[in-house]
Amino acid sequence: MSKRDYYEVLGVERGASEADLKKAYRRLAMKYHPDRNPGDKESEDKFKEANEAYEVLSDASKRAAFDQYGHAGVDPSMGGGGAGFGGANFSDIFGDVFSDFFGGGRGGGRGGAARGSDLRYTLELNLEEAVRGTTVSIRVPTLVNCQPCDGSGAKKGSTPSTCPTCGGIGQVRMQQGFFSVQQTCPRCHGQGKIITDPCGSCHGEGRVEEYKTLSVKVPAGVDTGDRIRLSGEGEAGTHGGPTGDLYVVINVREHEIFQRDGKHLYCEVPISYTDAALGGELEVPTLDGRVKLKIPEGTQTGKQFRLRGKGVAPVRGGGAGDLLCRVAVETPVNLSRRQRELLEELRDSLEGDSSHSPKANGWFDGVKRFFGDL
């Protein structure tokens, strides 16, 4: 199978500068690197092809030979006098490539201290606690520094030894094709030290499990999903690393009367048939106690009344929301004979007078028009 032109492989003009070659190769190396395309044979082949093209074109003598004789000028198998692979300097490019792959450059750095993990604790509150604020005590499972070994993991009186695999660096160099990469040492897991005489309390881990009791001050106005950060109350770091944080996540339980939407509260208020028709006054609950609500005559189911300032004051500031009361008119049940007679008299007196039921009459008129059009 014939090889593609090296300039075509890199996607550059034949007169491309060294900087253009480097930029083009770096782009292809990032795109087709095996670590980004595991198990993809096509990407692996393109990665090797780009390596070969850059190895030739980045070397002035090889590039001149390729420009004059093509592949025959650089490939010994085709009768040319090329020197083969190994002459190109990939280190400056691969430093940038691996910085993007692994979040750092080629430098290893000594392993050891690592920050402890953050913890998450879900705190259940009722609506009143969330609205008014409260202080609660919580018990959280965590990892703390082992006291007998002071977090070192080694038995008291002993010291960890230098890892023979990585020489105390915490990383090992792995060869991949034309270049090498640094990876975490599989023996010491990046610590650079091997514990030969582990602490009996933590078994060499340097940390032990423990329950921690904390007092959490919950500000007024919190809602489900809000988080309270307790700095330094997460898991202990390893080998002297900083402690993580604890995030207390609020979950407000459902209330039997109120529903919350942001800073507003909602509730349903049942009223009698007669109060809806004649009007009246009734007491409705709020988080601050009962208040009187005036019901005008002719109130229908679904009518909503707003009690300003009876909602929730947001935790981030601003005025309190409102309480919105939705009326639900109850149809009377279990009527006595006399009550039925009175309602029948009322029905008879209202029959034929559309002014008492404008919505119902409008609906029936619409039904008549609908069937009349069929």
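Glycine residues also receive a Cβ, built from the backbone N, Cα and C atoms like all the rest.
Positions annotated as domain 'J' by Swiss-Prot, on the basis of sequence analysis: 5-70.
Here Swiss-Prot flags 133-211 as zinc finger.
Counting same-chain residues at least six beyond the ends of the repeat 'CXXCXGXG motif' (146-153), those with a Cβ under 8 angstroms from any Cβ of the stretch are 160, 195, 198-202, 204-208, 236, 238-240. Annotation comment: Swiss-Prot describes 146-153 (among others) as repeat 'CXXCXGXG motif'.
Summarising the annotation, Swiss-Prot assigns Zn(2+) 1 binding site to CYS146, CYS149, CYS199, CYS202 and lists sequence analysis as the type of evidence. Secondary structure at CYS146 (Zn(2+) 1 binding site), as computed by DSSP, is coil. Within 10 Å of the Cβ of CYS146 (Zn(2+) 1 binding site) there are 22 other Cβ atoms, across all protein chains.
Annotated repeat 'CXXCXGXG motif' per Swiss-Prot: 163-170 (among others), in sequence order.
Swiss-Prot lists CYS163, CYS166, CYS185, CYS188 with the feature Zn(2+) 2 binding site. Take the CB of CYS163 (Zn(2+) 2 binding site) and look out to 10 A: across all protein chains shown you find 21 other CB atoms.
Same-chain residues lying 6 or more positions outside the repeat 'CXXCXGXG motif' (185-192) and placing a CB less than 8 Å from one of its CB atoms are 110-112, 160, 162-166, 168-172, 238-239. Marked as repeat 'CXXCXGXG motif' by Swiss-Prot: 185-192 (among others).
Summarised as a single figure, the pLDDT of the repeat 'CXXCXGXG motif' (199-206) averages 89. Summarising the annotation, Swiss-Prot assigns repeat 'CXXCXGXG motif' to 199-206 (among others).
Remote same-chain residues near the repeat 'CXXCXGXG motif' (199-206) are listed as 145-149, 151-156, 238-239 (criterion: CB distance under 8 Å, separation of at least six residues from the stretch ends). Here the binding-site residues are CYS166, CYS185, CYS202, and the one ringed by the most other CB atoms within 10 angstroms is CYS166.
Each residue in the repeat 'CXXCXGXG motif' (199-206) gets a DSSP state, and the totals come to 0 helix, 0 strand, 8 coil. Packing around CYS149 (Zn(2+) 1 binding site) is summarised by its Cβ count: 24 other Cβ atoms lie within 10 angstroms of its Cβ, all protein chains included. Here CYS202 (Zn(2+) 1 binding site) is compared against the binding-site residues CYS163, CYS166, CYS185, CYS188, and the shortest C-alpha distance is to CYS188.
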